[in-house]
Structures are given as C-alpha cells and as structure tokens.
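The structure appears right after this line, and notes come after that.
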C-alpha cells in the first residue's frame, strides 16, 4: 500500500500499538529549554530515575536569557533561577547543555539544525509548541507538555495517537517581495487556526521544492498556528548538503547509511491523504496580520475588515473585540497603521537569510525617528555569521539595536517587551493579546516587511524598496 511521508516515519518508530489506536513511539531526539523542563527533571529526581539516553537530549537556555550585555548576568530573579536550574539539572543528569555564554547558544529550534542534531526521518520532541520547525528536514517534530518531557527523559518513548494526513501543495514561483513567511500567513488565513486540527501537514509542490532550507523552516515553524500537530517537507539534496559536516551529523560510513534511509523519505505515488488543498504561488502577496489571531491576515495593499460586513454574530463580535484591542478602526488601510517598534528575530525568522533579507532593505536608509527597532539573531552562530558579512553595521547604521541571541520579544519572557498600547511590526509567530507584553499590539510580517515598516514608521509595502 502506498504510504505518506508521515506514515513511513510513524511506522518506523512504532514500539507498540493498542486496539484503541494508542501507540508508543520511540523518540530519536529531545530538545530541552529552561521553561518547560524544571518539573520534569524534578520528577526524575523524586522517582530516583535517570535520563535513559542522555546523548539523545540537547539542552539550551533561550526563553529567559537577556539580549543585552550578558556580562552583567540575568537581572530578573525568576529568570535567573530557571536558567541556573537547567544548567544544574543537565550536569546532574549528564545532558549536553549550551549555556548562555556558549557561542553555539540560541533559540532551541535554530540550534538543533545548526548542530546537526536535527535529522531527516527522526521523531523530535521539545516542550515548546514551535518544535514543528524541524519538520523542514523531513523529521516528525512536535511540541509536548512538561509531564511528557519527563516521560521522554525517563523512557525515550512517548504515548501518542496517529494524526490524519493533510497535504498542502504550493506550485509556481513567488512574486518579488513575497517570502515563505507570506506563504504560511496566506495558508493560515485560508485554513484558519483550527484548519489543521488532528492532522500532520505535508507541504509539497514546485514552490516548496524551490525554497531554501531556512525558508522551509519558516513554513514548518508556523504549522502549529494552523492548528496542526506537525508540519513536514520531504528531505532532498538541499537538506543533505545543509547537514553535511555539522558537528552532530553522521560521519563517514554512518553518513552513507543515513543517506540511504533519508533518500527513501518521500510520499509514495498514490498515497491517500485525508485532506488536500492547492495554492498558486503567483497569487500570494506580502501579508500582515491585523488582529489578535494568526488567521487575521490581509495583504499589505488591503484594508482592516469591517464587522458590519459580517453576517455571523459570533464572528462579528470577535472582529469588534480584535479591533478594540488593536486600537484600529474598520476599513483602515494597512499602510496607514503607524507602528512604535520593530522586532526582527525569533525561531520563525531569526536565521541568517532572514537577517540578509532585512539588511538588503535597510542598507543606506534610516529608520523613522519615532520607531524603536531591534534585531535579535537566532543563535550565536547566526550572530557571528551576520557580523562577518557586515550585516550588524547595516542594522546599526539604520538605527536598529544589535542584540545577543534568544527568544526575546517574541514572547516577552525577558526584558524585551512592549508597553501597553505599543504597536510592533514583528517577524515572530504569534499575535495573541499580551503575547509581546501586556497590552502590546503585534502585527506579524516577514523580515523585509519589518524593515520597510521601520523606515516608513507605518506598516509598509516592501516592494517599494526593491528593484
């Protein structure tokens, strides 16, 4: 019987299955950070258990770390406790830890691929919803809760039920100024935040194949905002080339063995999907979110929706609530929305290609005087690469702050946050109420669109700044 990519990875990791569909899956890779792991390690300690396979877990501090001068340590007491606790837990249980001052430190979903820890055909879990990012490598990757983190540490397995197969085909070529961030925002706008519920999404089509590894990571990263359990893209030569020579990638004959398996990781012709939709790349435009859900998208040349045009009373009330929280009036042009801050970074758009995209727009230009703008590289290695290319100088010359790596203003768990009423053009993944700080207002955009907004002081069309 023809199988999907998801079917193949699932079957290869099945330890046991009950009659009701409950299954036990082997977990190849476990990523850990400081926020969702303390109780898990404490549970092991209280039960007198060890980490079953310490070499299959990699830990890093990313959520709470400061992005300003780290020589002063962590000012917030609670954040310091979480980071210190992760370090001591990793020492006690023999887990590799990339500390705050390790140049390899960064956002968990960026450092995994950088180190070659992320590999095709593996099951990867992390106590973090954006674990789907690693699906860009043809891995089955998804977020888990703290009790599940403990279960994986103790057993290297996880109890799951198989999801449905959902394929999204995107064919064609993207117009100038349109990026993979716009593609995933368009998809979420189309299917809604519940559109992928109970499914694993495989992204396919000529556009997906043409994307770089990092662009694919952006798409898989936001799969969770479309309600799905995980997002997958079949691995190809771009993925193999990316992983070759990485510190934790297979070496010598192990590389040859791995390649043999990796090359088999594709959906068979004739495999059945429970749901399938098609998009045309040429129809996608630069996107922004206007409201308080990732499905609240409009094109940059569009208008904020008007609740009066909505027949459904619940949807009408929801629109009114979002408009009220966001401080927007119905029918406002997207380009008339004034912003206060710009944030370029996160596990969605904090990689080197994202920084290049923004720097290209900002070169020889200045940000608007009223805008506070920051770039937070996704890892120490991204920061180092950007500095070698002189991107930091472009950002600083245009008036941006050049920061240390971490999650930063994506979720405002460190000092980087919006004040009540402040409006931000952000390259992150969530625009919920209070996500970037209590009362903060978030508009999700691509790195190029964030740069354009910084220059004009309003949400703006990146195509104006491109040849």
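Glycine too: its Cβ is placed from the backbone N, Cα and C atoms.
Per Swiss-Prot, the features are as follows:
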type	residues	note
BINDING	347, 407, 410	[4Fe-4S] cluster binding site
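Long-range Cβ contacts of residue 347 ([4Fe-4S] cluster binding site) within its own chain (separation 6+, distance under 8 Å): 107, 108, 109, 110, 130, 133, 221, 378, 407, 410, 429.
Across the binding-site residues listed here (407, 410), the residue whose Cβ sits among the most other Cβ atoms within 10 Å is 407. Listed in chain order, the residues near the [4Fe-4S] cluster site other than 347, 407, 410 are 62, 63, 107, 109, 130, 345, 346, 348, 350, 378, 406, 408, 411, 428, 429, each with its Cβ within 8 Å of the site Cβ centroid.
DSSP classifies residue 410 ([4Fe-4S] cluster binding site) as helix under the three-state reduction. Secondary structure at residue 347 ([4Fe-4S] cluster binding site), taken from DSSP and collapsed to helix, strand or coil, is helix.
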